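Before any comments, here is the structure.
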Amino acid sequence: MSSTIRTISQDITLFNKTLTFQEISQNTREAVIYIHGGAWNDPENTPNDFHQLASIIKSMDIESTVCQYSIEYRLSPEIKNPRNLYDAVSNITRLVREKGLTNINMVGHSVGATFIWQILCALKDPQERMNEAQLQMLKLLQTVKRIFLLDGIYSLKELLEEYPEYDCFTRLAFPDGIQTYEEEPPIVMPYVKKALSRFHIDMHVVHSYRDELLTLKQTNFFIACLQDYQLNFKLYLDDLGLHNDVYKNGNVAKYIFDNIR
């Protein structure tokens, strides 16, 4: 079912590991782009994490209106944040360009949701001071229609207060300390509000009651910040299985499909 997009150029960002789960030719197609999690460092999490979920969506897409892809990025400690974020941005940008995608739905699980959140925060920097990756984020936001954040990490400060032991992986991605993470929700929310309004992006926040690695505290903190700024978003809470069950869950697949049609 899946195939690899091949490239003959130097592949530093691992673009050649992009998976195509479903592809159609209509100009009106909706494109779903998945970003896997894995605490910035777990090689067990790959683009293929979403194979089962994508298969369910494909089975529901009887009118063949959806394309589905899943991208890769380098892991820590080989590189540190934001370099792995920039890998994801570069690979999504290239995929959008090569496939001519216009209606983008980004789905991220765990740290994949973190990456999408960081992309949404692009306006925190003045455009004249943006590097190439940040400019790519800004351009991507012009084609993103919806984002689906599945059991995501949004605040590293809140994460380590709840789980001090998670320093074992945050320090690999942020060796200079979590203060180098520039997207703490209370700080960047004004810029996110501007981005959602300017680019007309729908935000969906999803969390499983049974997630054993991230309690609702992370998501509740996040949505409280969204509410403080009166931002429009949809929240889907349910028993969607354990943390690594969420990206395979049939109800999650149905929720995504129902909201992109």
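Cβ coordinates come from backbone N, Cα and C, glycine included.
For 32-136, the entry in TrEMBL reads domain 'Alpha/beta hydrolase fold-3'. What TrEMBL lists as motif 'HGGXW' is 36-40. Here TrEMBL flags Ser110 as active site, nucleophile. The feature active site is assigned by TrEMBL to Asp211, His243.
It is His243, among the active-site residues Ser110, Asp211, His243, whose Cβ has the fewest other Cβ atoms within 10 Å in the structure shown. Residue counts for the motif 'HGGXW' (36-40) under DSSP, helix first, then strand, then coil, are 0 helix, 0 strand, 5 coil.
With helix defined as DSSP H, G or I and strand as E or B, the domain 'Alpha/beta hydrolase fold-3' (32-136) counts 52 helix, 16 strand, 37 coil. In the three-state DSSP assignment, the secondary structure recorded for His243 (active site) is helix. Under the three-state DSSP scheme, Asp211 (active site) falls in the coil class.
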